[in-house]
Amino acid sequence: MENSEGVKIESTVVTEEPLISALDIALFVVIITVAYFWYFKRDKQSSSSEKKPYTIQPSSLSSIEQTSNSSFIKKLKSTGRSLVVFYGSQTGTAEEFAGRIAKEGARYKMKGMVADPEECDMADLVEMKEIQKSLAIFCIATYGEGDPTDNAMDFYEWLQNGDADLEGLNYAVFGLGNKTYEHYNEIAIYIDQRLEELGATRVHEIGLGDDDANIEDDFVSWKEKLWESVCSHYGIEETGEESNIRQYKLVDCSEVLPERIFSGEISRLKSYENQRFPFDVKNPYLSKIAVNRELHKSGDRSCMHIEFDIDGSKMRYDTGDHVAVYPKNSSELVDKIGELLNADLDAVFSLLNTDEESSKKHPFPCPCTYRTALTYYLDITSNPRTHIMKELIEYASDPKDQEKLKLMASSTPEGKKEFHEWILRDNRNIVHILEDLPSVKPDLDHLCELLPRLQCRYYSISSSPKVYPKSIHITAVLVNYTTSTNRVNKGVATNLLAQLIPTNDELPQPTIPIYIRRSQFRLPPKSQTPIIMIGPGTGLAPFRGFIQERDYARKEGREIGEMVLYFGCRKKDEDFIYENELQEYVANGTLTKLHLAFSRDQPEKKYVTHLLEQNADELWNIIGEKSDHLYVCGDARSMAKDVHSIIVKVVMEKGQMTNSQALNYVKKMEQQKRYSADVWS
């Protein structure tokens, strides 16, 4: 039998009178059981507190630290600060901007700090009025379909659901968005308006940065006017101090044991050797590449079909989700930086925040080697922003190089023009700058502080978990292009993926860190609901998963709705990806109609948008008469906008509506998730 704790008790029948009664035995067992569990629990607690593995978490705090550090008000008061800059960041840009504002606060006698709203009790905003001449600034990005960033989600919901009295709170907001997306800077605009509704005082008008144009220019222009408003509002003056203050100090870690040195992990030391579920942005899964094959039949471009093995990982995904891939920089570029700066890339170092109160102790996982930092943690291929130009001035020994950097770092029309032409138009990265301005020799640790973090790349998943529960498929075009300076720039992630070719079973398979990001791009709940899918090129990716899922339902004997796919590419015999699969789905009835546009197979270019205009009746039948679903995936800059315009036109003509009525109809479709877009710029 078993007692209440699940401990088995053997009973023995005896003929003689026992020395110990049954009651004594029962009491004894209870006492032993209680003693055992008390000792075990105490020992477990002791071991967990005394024998923690060595870890450094540069981007996050442990639960204990979050509890003790959640009150940003206490930090402000205890350190004599009056400025706090919150950031809502998905790629790191908003966090970078927040740091620059906080740093500049010293020029206006406003000692500042940067804060992650996810790690703060934002209800403490009501107490900001207790700090003399206090100011809260919000650098907030909008991503996806008008969504808040992951770390700003709780704050956004708090503003939506709460009714705190924020009278006495002084604030300003800068938004980071992209005009190619419909919901341009939606989150920043909402936060700016909501803070005012709750009684807060806007010190400076909202700034809206457009990443499709020049978000750096937008930010710098807004920031200059912000400080003018701050000076006017508080009656203060700029100190005029322009010194470049380091946020992090260099620590020599040459004596650190090898097992305590990061080698590319995102957050937890040795996380790739000791994988622990669940897997997320700070704890990715090291997935094997199961399949890597070319999809293009000919031509000089490449499109890869890649399958990530997730068998045994406990990872689950839904059709329409995204997979994040953590890339690494090419060894050629990393070695070039070491050569240009005459630096020992294998030296072990750490960057420690000079602000002891900051929750962010390091800019990336430390300690590590410079080679590791430049390979896994720092973005060395993007266009550097103007503040990096400014910081590099002191390292230029040639007056001409100094003047060029000063000009590009300035906010004058001439400076903006030079920065746009020399950095953005010519697509120079930090390696190119160091090559073309040979007298510029920054300290490598300072350069590591200045460069932004290397970000993961997101891909629409092109498979269904119903059909492929143990793997994730993506469809990726290899990015290579020649710049106006005759340099070849390569996509960081796709060029890495192109090298990860599976071998025979006897050799270790190539691996790459990944995690799944949930999406709102979903099939209708009912399999019989008709849908239209519009996905030129690699925009086909999520629809491949949609079709697989409906095909699976059909094979199970369930009724499936009409599926119409619009697909386009350059040439049928060159880049018609997944051709055989699609034709098979048409043959078995899963795919009702397949509309194809091959833009360069005839004298006049023919695109998917032309087919949509030709098939207005079919479009209206599904989105109007049947009130069913339409999906768009692909380029946001032109294709998605053109499709949106055509849909509005079809609704006007076939639904006999005015332009404003048609726009409202399409807007309602979007709100009801009957018109969904998964687009990128």
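A Cβ is built for glycine as well, from the same backbone N, Cα and C atoms used for every other residue.
Please treat TrEMBL annotations as automatic predictions, because they have not gone through curation.
So that you can see what the record holds, here are the features copied from TrEMBL:
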TRANSMEM  20-39  transmembrane segment
DOMAIN    83-227  domain 'Flavodoxin-like'
BINDING   89-94, 141-144, 176-185, D211  FMN binding site
DOMAIN    282-524  domain 'FAD-binding FR-type'
BINDING   R301, T538, S599, R600, K605, K606, Y607, V608, T609, D642  NADP(+) binding site
BINDING   R457, Y458, Y459, S460, T475, A476, V477, Y481, G491, V492, A493, T494, W680  FAD binding site
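A493 (FAD binding site) sits 16 Å from R301 (NADP(+) binding site), taking the Cα positions as reference. Within 10 Å of the C-beta of V477 (FAD binding site) we count 17 further C-beta atoms, all protein chains included. Nearest in space to V477 (FAD binding site), taking C-alpha to C-alpha distance over the binding-site residues N178, Y184, R301, T609, is R301. Using Cα positions, the member of the binding-site residues Y459, S599, K605, W680 nearest to G144 (FMN binding site) is identified as W680.
Among the record's FAD binders, R457, Y458, Y459, S460, T475, A476, V477, Y481, G491, V492, A493, T494, W680, no two C-alpha atoms are more than 23 Å apart, and one pair sits at exactly that spread. Averaged across the domain 'Flavodoxin-like' (83-227), pLDDT in this predicted model comes to 94.
Distance between Cα atoms for G491 (FAD binding site) and S599 (NADP(+) binding site): 25 Å, as a whole number. Taking DSSP states H, G and I as helix and E and B as strand, the domain 'Flavodoxin-like' (83-227) has 65 helix, 35 strand, 45 coil.
For the binding-site residues given as Y181, Y459, Y607, the lowest number of other CB atoms within 10 Å of the residue's CB is seen at Y607. Looking only at Cα atoms, S599 (NADP(+) binding site) sits nearest to Y181 among the binding-site residues Y181, Y184, R457. Least crowded of the binding-site residues (A141, A493), judged by neighbouring Cβ atoms within 10 Å of its own Cβ: A493. Within the set R301, T538, S599, R600, K605, K606, Y607, V608, T609, D642 that the record links to NADP(+), no two Cα atoms are more than 25 Å apart, and one pair reaches that distance. For Y459 (FAD binding site) paired with Y181 (FMN binding site), the C-alpha to C-alpha distance reads 17 Å. Over all protein chains present, the Cβ of G144 (FMN binding site) has 18 other Cβ atoms lying within 10 Å.
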